[in-house]
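Take a look at the structure below.
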Amino acid sequence: MLYMVIVPIIPDYIAAMRGGGSAAGPSAPAGGNGSGGGNRSLLPARYPPATGGNEDVQIGVLFASKAMLQLLVNPLSGTLIDRVGYEVPLLAGLGVMFLSTATFAFAENYATLFAARSLQGLGSAFADTAGIALIADRYAEEPARSRALGTALACISFGSLAAPPFGGVLYEFAGKRVPFLVLACVCLLDGLLLLALAPPGATGARANMPVGTPIHRLMIDPYIAVVAGALATCNIPLAFLEPTIANWMKDSMGASEWEVGLTWLPAFFPHVLGVYVTVRLAAAYPHLQWFYGALGMAIIGASSCLVPACRNFGQVIVPLCGICFGIALVDTALLPTLAFLVDVRHVSVYGSVYAIADISYSVAYALGPIVAGQIVHTMGFAQLNLGMGLANVLYAPVLLFLKNVCQMKPSHSERNILLEEGPKGLYDTIKMEERKG
């Protein structure tokens, strides 16, 4: 929600700071599009329309700054998580996100907005990576791991798709501070729950665990590199369409503000369906994880190519739902595969490997707000979609490289060996004692 909640708020707020409009506040009249002459709709576009060259650049940089800093910090955060455990970085990340979100609520100039947005990236580099790694560590066996990670992905999807309407409605009726203060309170509550459920330093088990494999060694692992490439490629359509589809819908089909504002919300349901289907299939046929990912990329590719052919709001929802369904298949199949690859090829410590996953996402979302508009301007919206679709279709066969590794899951998993053959050395002994506990 923190990533997307600023979408309907920031363009109008920056315009107000420049004297081009009036930002919503507690005294602002409800219904900014009414007779009062407001320039906002109840459910604004997911990305600002073109308003002027310099302002567009500033807004694009502001949107991308979170992913950019996240991209830079992730190698460090992954290494730190491997060394100190998951709970402390997760708590620290939540604390940083609380401060950055509260800063957003009271920001009065662009520099403060930029600092707050960048701080969100710093917090996410720790909280996102540590959170996913903590789930992979706590749910050590399949299908429980796929189910737990699938639940997390469904929550991520809900937050991303529900945040723009959430921010738009509260901004319209309660002012710009309220959406950020609500999310800051959620961060605070989440931190308190973490302290109650998994207090950092409560156990000494982590002190006896070996240090995880360095992130640079994980990056050159060919199997992990294939998964990271798939995660980046499958998220490019979403990252590149978000900043461009609103203007295209208005220009090509005369879409209204509420249609543009609700464009992505229906896609939440096929995303959850994709998570559910993949979890069930992975439980029944765990050796086909690579195939579920390849199928998802093929669906994303076909759906991306269909977007430019749509002529009305109802039609455009269909390929967007296909894109989100495909992303759900890829993410739900490949995120547990990353943990499995670490189990069978490296040390079962997951901070660095999920930092690599976060880097993959950040590459797409750092480029999207800045690059996508330029591609549309120089080549056209249809060419952008065809290129993204072709990239996904061509990458899908690459996942065949994972076929042999995925087939190791039933019999060669390190965790199964620990159960069947007993402990071998300090690391296995610690894992066995934790299992007995």
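Quick reminder: no glycine exception, Cβ is built from N, Cα and C everywhere.
Given the structure is predicted, the values throughout are model-derived calculations rather than measurements.
As written in TrEMBL, here are the features:
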{"type": "DOMAIN", "residues": "1-407", "note": "domain 'Major facilitator superfamily (MFS) profile'"}
{"type": "TRANSMEM", "residues": "88-107", "note": "transmembrane segment"}
{"type": "TRANSMEM", "residues": "148-166", "note": "transmembrane segment"}
{"type": "TRANSMEM", "residues": "178-197", "note": "transmembrane segment"}
{"type": "TRANSMEM", "residues": "218-241", "note": "transmembrane segment"}
{"type": "TRANSMEM", "residues": "261-283", "note": "transmembrane segment"}
{"type": "TRANSMEM", "residues": "290-310", "note": "transmembrane segment"}
{"type": "TRANSMEM", "residues": "316-341", "note": "transmembrane segment"}
{"type": "TRANSMEM", "residues": "353-376", "note": "transmembrane segment"}
{"type": "TRANSMEM", "residues": "382-402", "note": "transmembrane segment"}
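Looking just at the domain 'Major facilitator superfamily (MFS) profile' (1-407), the mean pLDDT is 83.
Contact counts against the transmembrane segment (218-241), taken as Cβ pairs under 8 Å, peak for 353-376 among the stretches 88-107, 290-310, 353-376. Two recorded stretches are said to be in contact when at least 3 C-beta pairs lie under 8 angstroms, sequence spacing 6 or more; the transmembrane segment (290-310) and the transmembrane segment (382-402) meet this definition.
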